[in-house]
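Trainee: Sharing a structure with you now.
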Amino acid sequence: MAESAAEAPAKSGGGGDSGSGTLERGVAPIKPQYLTTKEQFHKFLEARGQEKLSQETDAGDPDGCDLAEPEAKRIRLEEGQVGDGQTEEAAEPREQPQAQKRARGQNKGRPHMKPNHYDKNKLCPSLVQESATKCFFGDRCRFLHDVGRYLETKPADLGPCCVLFETYGRCPYGVTCRFAGAHLGPEGQNLVQREVAQAPPVRNGLDKALQQQLRKRQVHFERAEQALRQLGKGHLPGPIPPATVPEGAPGQDICDTQQAPLGPGTSPPPGSPVQTCGPLTDEDVVRLRPCEKRQLDINGKLYLAPLTTCGNLPFRRICKRFGADVTCGEMAVCTNLLQGQTSEWALLKRHQCEDIFGVQLEGAFPDTMTKCAELLNRTIEVDFVDINVGCPIDLVYKKGGGCALMNRSAKFQQIVRGMNQVLDVPLTVKIRMGVQERVNLAHRLLPELRDWGAALVTLHGRSREQRYTKLADWQYIEQCVAVASPMPLFGNGDILSYEDANRAMQTGVAGIMIARGALLKPWLFTEIKEQRHWDISSSERLDVLRDFTRFGLEHWGSDTQGVEKTRRFLLEWLSFLCRYVPVGLLERLPQRINERPPYYLGRDYLETLMASQRAADWIRISEMLLGPVPPKFVFLPKHKANAYK
């Protein structure tokens, strides 16, 4: 997962429990007057939290959420019940105040709640969507059909304003919306603002008809199969004859499979003409040569890395506001896309503000990767497609994907050549220095990638074995720039300030990719473009989080499931934001990415709360934005990347 959000932080950072002015290795240098101890830090939050938090929420929360209700719950959270993933039964014997050492590693025993657990009495979708027809299942339907009964058990609204209703003029969740009071009429009908109604500005959705064909394996990949046949015979992929595979503009040849799909047993033999729909045009006969493909000119631009888990569409919108030039979707597994999985296709969605946008694919075999590339070339709008050859986690590596492709040059070549043959947009690759710590492979692969047809390569200055125990090797990246020329090479690793960005550009790279730096402070793009340090206030940072929750409700929905999914990803992001140290508190500028902050008291209560590394305090911040937490809410999402955090 290209610069996965599940990456472990650098181990060189110390805890900094003492409030002394002596600097420890890996600890951010904070002015002595702000330093404190761990006990004083948490005592301050507990003592002053109740009064100051309520005052700041009343002043800054437009939704007017009442935080008095979950006060008892907040006390339980401070004891570590929810934050540590413990159940109530496991947390009962806390009468002894002795501090036990927290077990490190993945918590496989933590409970995983299904999305519908938060709303046991669910309303039938036919009533939510106000369908004119009756429920298809009739008496066998397991959902409620009594709106009055549903409203009796429904929790109170979280606020007076619905984001979807204000933005699009209509909320598709109706009475199930957690802000339903903003758009329900006197008789419970769902109101519509005709003058505001508009289509959501998100593209690259999965069409239901295409999903059915993918699940039934009725989609044929003529261009991919032709390219794979050439690669299997040892020939370099050349122009595919138009008589064998007619080719049009992106999106035209999808009619071959969607409108007239061939049956499973009626696939035409190789070399026979394939019937198409529509008249024959010049685009079917005259094919683009590789040198005539659309070029990707992003030299000197700021590239937001495809961050697994945290690099979702709402977060990318935040980074675009702060000046990110190029964005890329989260890592998508090609086999899941070919199976038509809705959750995987959601990673390809693109907001209208993302003017230069790409998607990243992960796979280990040429056939699935080439077919997936052809499928995306038909169906979605992107400016480039990236291959993930940098993912270090075992789940991907042991299957031959990610970093493992760097040691499988034959398969790697077939993947790059095959995908480049079927794509009408540029193909890029993201790699690491190598697999083993002292065995660098990138300088040998870069000339080959250039010959295979890659338009751009991003090099992360670490090996798979190294992970994040050491700083990125920019000297090696500088050596690779000359080797890759004239192919542009982007550098990635440890960019957290405009000074870091300037030093990186001096190595001769075509541009820089920013990953963890954007998670710690998304306003880093503004700092780089304006060449300054931004001493952002706690209220401004809270406004950024409020914008994220608004974008999250637009993207994931405003019903119970959508609200808690927004909270889940907000908490995931807060686990990185707490590592940011405000500029005004530092003795030396800038903060370095491998320096962890010691315990300190901020210039106001909110700044101190945002510096807490306890999940209970992150939940407290989420309650300021999204209202009370459900009784059995689990912080850590059941995600493929979360087991590696």
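Residue numbering: from 1, along the chain as shown.
Yeah, the Cβs are placed from backbone N, Cα and C, and that goes for glycine too.
From TrEMBL, for reference:
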- 46-55: compositional bias 'Basic and acidic residues' (COMPBIAS)
- 70-79: compositional bias 'Basic and acidic residues' (COMPBIAS)
- 101-115: compositional bias 'Basic residues' (COMPBIAS)
- 118-148: domain 'C3H1-type' (DOMAIN)
- 161-186: domain 'C3H1-type' (DOMAIN)
- 1-34: region 'Disordered' (REGION)
- 46-121: region 'Disordered' (REGION)
- 231-274: region 'Disordered' (REGION)
- 118-148: zinc finger (ZN_FING)
- 161-186: zinc finger (ZN_FING)
Trainee: Using Cβ atoms and a strict cutoff of less than 8 Å, what residues sit near the domain 'C3H1-type' (161-186) while being 6 or more residues removed from its termini?
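Mentor: Beyond its ends, the domain 'C3H1-type' (161-186) has Cβ neighbours at 62-63, 119, 122-123, 127-130, 147, 150-151, 154-155, 192-200, 550, 553-554, 557-560, 562-563, 627.
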Trainee: Along the zinc finger (161-186), what average pLDDT does this model show?
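Mentor: On average, pLDDT over the zinc finger (161-186) sits at 90.
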Trainee: Tally the residues of the zinc finger (161-186) by DSSP class, grouping H, G and I as helix, E and B as strand, and everything else as coil.
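Mentor: Grouping H, G, I as helix and E, B as strand yields 12 helix, 1 strand, 13 coil.
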